[in-house]
Amino acid sequence: MRACCFCLPLRIGVIICSVLSIAVNVLSFIDGSEFFGIILSVIFIACGIAGTFAAIQRNPHLLQFYMIYAMIAFGINLILTIVYALGQNAEAFWGYLVTTLVYLFLCGLLTSFDKVLRAGGTGDEMKSASELRTLQWQQQNGGAMSQGYPQAHYTPLPGQQHYGNPQQVSPYPHQQPSYAPPHTTYPPQPQQGYYPPPQYGAPPPTAPTLP
């Protein structure tokens, strides 16, 4: 996942989901009549606050705590959805089904945001963790492809000529004939003539036999 709802950065999506979770549980706390429900609402409010601060501060430890909460909440709602489906309580079933899908989306969003932070991102790039690693690799290896080879810093081997950029040589030694003159580059330019590739598989020369 590279964005929340295809239009928001991952960090903003986590903040919005956390704030909505706090608001819903505050309403549940106000309307709650059972002691167990009030305790759960307080716990969920605390988890929502932790998730909000985790996204704002890009704190990986708070984010992992919020991920654990989201996974536990997803599992509980999934079990309740199955129970009410078997009990043929349609109203409760649809309510818990929607809640389960919301927590499933939240788990995916938090996992993607955590991977982006681990890859060195901020969550505002609208890029996935794999795309960030690819960009980092390209920056470390000189950027885009040039003349068919990545712009990496290879160490020239004996008899190997620079190819284009002085920092860039062909990583394939067999494409640079050892008998090419030192003032030429390989592949040769049209005005420099053509140097045939080495012949492989030719029989080795035999020593002359004495009479």
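Quick reminder: no glycine exception, Cβ is built from N, Cα and C everywhere.
Residues annotated as transmembrane segment in TrEMBL: 12-30 (among others).
For 36-56 (among others), the entry in TrEMBL reads transmembrane segment. For the transmembrane segment (36-56), the residues of the chain that approach it from at least six positions outside its boundaries are 11, 14-15, 17-19, 21-22, 25-26, 28-29, 62-63, 65-66, 69, 73, 110, 113, 123, judged by C-beta separation under 8 angstroms.
Annotation comment: TrEMBL describes 68-87 (among others) as transmembrane segment.
For 93-113 (among others), the entry in TrEMBL reads transmembrane segment. With a cut-off of 8 Å between Cβ atoms, the residues of this chain six or more beyond the transmembrane segment (93-113) that come close are 1-2, 4, 10-11, 13-14, 17, 51, 55, 63, 66-67, 70-71, 73-74, 77-78, 80-81, 84-85, 123, 128-129.
Annotated region 'Disordered' per TrEMBL: 143-211, in sequence order.
Here TrEMBL flags 162-178 as compositional bias 'Polar residues'.
According to TrEMBL, the compositional bias 'Pro residues' annotation covers 184-211.
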* **Contact set, same chain, for the transmembrane segment (12-30): CB under 8 Å, 6 or more residues outside the stretch** => 3-5, 37-38, 40-42, 44-45, 47-49, 51-52, 54-56, 63, 66, 106, 109-110, 113, 123-124
